[in-house]
Amino acid sequence: MQSSFALSLSSHLTSTTIPPSNLPFDSLLLAPSKPVNLRFCGLRREALRLSSSAKSQSTTSFRAPARSSKILASLGDNGSAPKSFDYDLIIIGAGVGGHGAALHAVEKGLKTAIIEGDVVGGTCVNRGCVPSKALLAVSGRMRELQSEHHLKALGLQVSAAGYDRQGVADHANNLASKIRNNLTNSMKALGVDILTGTATILGPQKVKYGKDNMVTAKDIIIATGSVPFVPKGIEVDGKTVITSDHALKLECVPDWIAIVGSGYIGLEFSDVYTALGSEVTFIEALDQLMPGFDPEIGKLAQRVLINPRKIDYHTGVFASKITPAKDGKPVTIELIDAKTKEHKDTLEVDAALIATGRAPFTNGLGLENINVVTQRGFVPVDERMRVIDADGNLVPHFYCIGDANGKMMLAHAASAQGISVVEQVTGRDHVLNHLSIPAACFTHPEISMVGLTEPQAREKAEVEGFEVSIAKTSFKANTKALAENEGEGLAKLIYRPDNGEILGVHIFGLHAADLIHEASNAIALGTRIQDIKYAVHAHPTLSEVLDELFKSAKVEAPSSSRVTETVVV
C-alpha cells in the first residue's frame, strides 16, 4: 500500500504506539508526528537538497568472539567472511528493504545475514502493499461489473455482481503467503543466513538476536520498518475500531465505516469498502481532502473518487476520542475543531478505520548502546543512510534504511536505499536521488506522482531564481483509454522552460501507477524534456499520454543532438 504523503493527525506521536517486541516492519506510508503542514509529500529535506552533513569518524574495528553455534547458517556460499567478523553485513529486518539489500549484498560477494523477529516480508508483504492490492483488484472488478453505464457503452450485459467475503479475504491472504515464500526462498537459494529472533544492538558491529545469540559484522543495516500510528484518545479493539493491519483481513464489511485520514491508506480502503457496499465518512484534520497530492490532481481525484460515491467527509477536525462498539451501542467518534479544539460533532458508525499513517518501529532496538537518539522515533541518518549519533557524528559501520529513517516511507524506497548502502560498503560511493522515486495510490482510477508538486516547485523556483512552466494532457485524447471507455484522467508536467529539467510529473487515470516510471527514470537519469521528446511510443497505448505531455512542453534549450549509428533494416 502506498504511503500517504499527507495524513490526518490527531495527536503527537508517542512511544506507547510502538509494540515492545522488536519485530521487523516495512511500509509504504509517511509516518506522522503531530499536526503540521505536510506539503512536502513525504520528501524530507534531503530530497529537496536542504540536508545538513554530519562529521565523519574514523573506522574502528575489533576482534569478535567465536561464532555462535546457534546460528542457522544456510548451505549456500555467499562469500568468504572476514576472519574478525561473523559476517560482512548483517541486516536487521526482512521487509522489502532488508530483502533488497540482502540480495544486492550477495551479488557483491558479501557474507550476509538477515535477522527477522516476525515473518519475512515485513509490513509490505504481510500487512500492506501485497494484501491491499489483492483487495483492490477485487474492488476494481466489482466496480466495473456494477457500472451498468460503462458496460452498456461497451455493448456488454452482465447480471447483478456479488462477492464472497471469505473468498476475497482468502485471496489477499494467499497472495501474501505466496510472496512471503518467494522472498524467503530467494534469500535461501542465494545463501543469505536467516536468523530468527528479536534483534538488539549491543555496541559497534555487534548484535544479539533471540535469547542469547550474538553475532558480529563489519557493517550493519537497520531496516525495522514501521507500524500503524494510532493517535491518543482512540481505542482500537481490532473488530469495530481497526487499523490497516486488521482491515486487510476483511473479517467484515460494515454498512457504515468512518475512515480517519484521507491519505493513501484511507483513499485505497474507501475504494475497497464502497465497491463492496459500505458507506464511508472521511475525517480529515487538514482543511482539504488528499492534502499530500498536487492540488490540481487532488481536485480532479475528489470529483471522480469521492463525490459520485457513497462518501461524505469532515475536514479541519480531529477525532479526539473513538470508542469501539459494545453492548449493542455503535462506535462513537468525538470530533473537535483542528484549530480551536472545540467540540464540533459526535458520529455514531458501525466501524472506524484509523488511517493516520505509520510510526517508525525502533523502540527497544538498543540504539542507546551506540549513542543514538531517535527524532520522533526516526533514526537520524545522512544522505548516504549513515546513522548519526546524539553528538552529530557518524556511527561507524551503521546504516538505517526505509521507514525507520523516515526519509521516504515507501517499500521500494527502502529497497533502493538498501542497494545504495551496499554500493557504499563495497567501495562505490552512491547517493540516492529521492526526487526520482515514484509513488502511487491504487484507487480506480489510479494516482501516481514523482518529484515535486506545483506548490513545491514554485517555492523552490522562488528560492533558486528560475521560472516554472506547466504542461497537461488528457486521457480523453488517448485512443487506448477511449477504447477502454476510461477517458477520465489527466497528466501534468512541471518543468523548467530554460533548461528542460523535469521537476515533477503527476498522473490521474487508467494505469497511472505503471505510466509514471518513464518520468521517474528520466529524472533519475537526468534526461531533459528536449531529448525525451524524440522517444518513440507504440500506438495505440496509454504511454502516448506521456508522449503528448512531453511534446507539449515549451523548452528554450536545444536538444543534445546525439548522433547514433544508422541501422539498416
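Using the three backbone atoms N, Cα and C, a Cβ is placed for every residue, glycine included.
Listed in TrEMBL for this protein:
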type     : residues                                                                       : note
ACT_SITE : HIS539                                                                         : active site, proton acceptor
BINDING  : LYS133, THR224, GLY225, SER226, ASP403, MET409, LEU410, ALA411, HIS412         : FAD binding site
BINDING  : GLY261, SER262, GLY263, TYR264, ILE265, GLY266, LEU267, GLU268, GLU284, GLY357 : NAD(+) binding site
DISULFID : CYS124-CYS129                                                                  : disulfide bond
DOMAIN   : 87-418                                                                         : domain 'FAD/NAD(P)-binding'
DOMAIN   : 437-548                                                                        : domain 'Pyridine nucleotide-disulphide oxidoreductase dimerisation'
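Positions of the features from TrEMBL, shown on the structure.
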residue	record	Cβ within 10 Å
CYS124	disulfide bond	31
CYS129	disulfide bond	27
LYS133	FAD binding site	17
GLY225	FAD binding site	32
GLY263	NAD(+) binding site	31
ILE265	NAD(+) binding site	33
LEU267	NAD(+) binding site	26
LEU410	FAD binding site	31
HIS412	FAD binding site	19
HIS539	active site, proton acceptor	10
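In this structure, the C-alpha atom of LYS133 (FAD binding site) lies 24 angstrom from that of GLU284 (NAD(+) binding site). Separating the Cα atoms of CYS124 (disulfide bond) and LEU410 (FAD binding site) is a whole-number distance of 9 Å. For the binding-site residues GLY261, GLU284, ASP403, the greatest number of Cβ atoms within 10 Å around a candidate Cβ is found at ASP403.
Across the residues annotated as binding NAD(+) (GLY261, SER262, GLY263, TYR264, ILE265, GLY266, LEU267, GLU268, GLU284, GLY357), the widest Cα-Cα separation comes to 15 Å. As a whole number, the greatest separation of Cα atoms within the FAD-binding residue list LYS133, THR224, GLY225, SER226, ASP403, MET409, LEU410, ALA411, HIS412 is 22 Å. The two recorded residues ILE265 (NAD(+) binding site) and ASP403 (FAD binding site) have their Cα atoms spaced 15 Å from each other. CYS129 (disulfide bond) has LEU410 as its nearest neighbour among the binding-site residues GLY263, LEU267, LEU410, going by CA to CA distance. Mean pLDDT for the domain 'FAD/NAD(P)-binding' (87-418) in this predicted model: 95. Each residue contributes its Cα atom, and for LEU410 (FAD binding site) and GLY263 (NAD(+) binding site) these two points are 14 Å apart.
Broken down by DSSP into helix, strand and coil, the domain 'Pyridine nucleotide-disulphide oxidoreductase dimerisation' (437-548) contains 42 helix, 29 strand, 41 coil. Taking the C-alpha atom of GLU284 (NAD(+) binding site) as reference, the shortest distance to any of the recorded positions GLY225, ASP403, HIS412, HIS539 belongs to ASP403. Taking Cα separation as the measure, HIS412 (FAD binding site) is nearest to LEU267 of the recorded positions GLY261, LEU267, HIS539.
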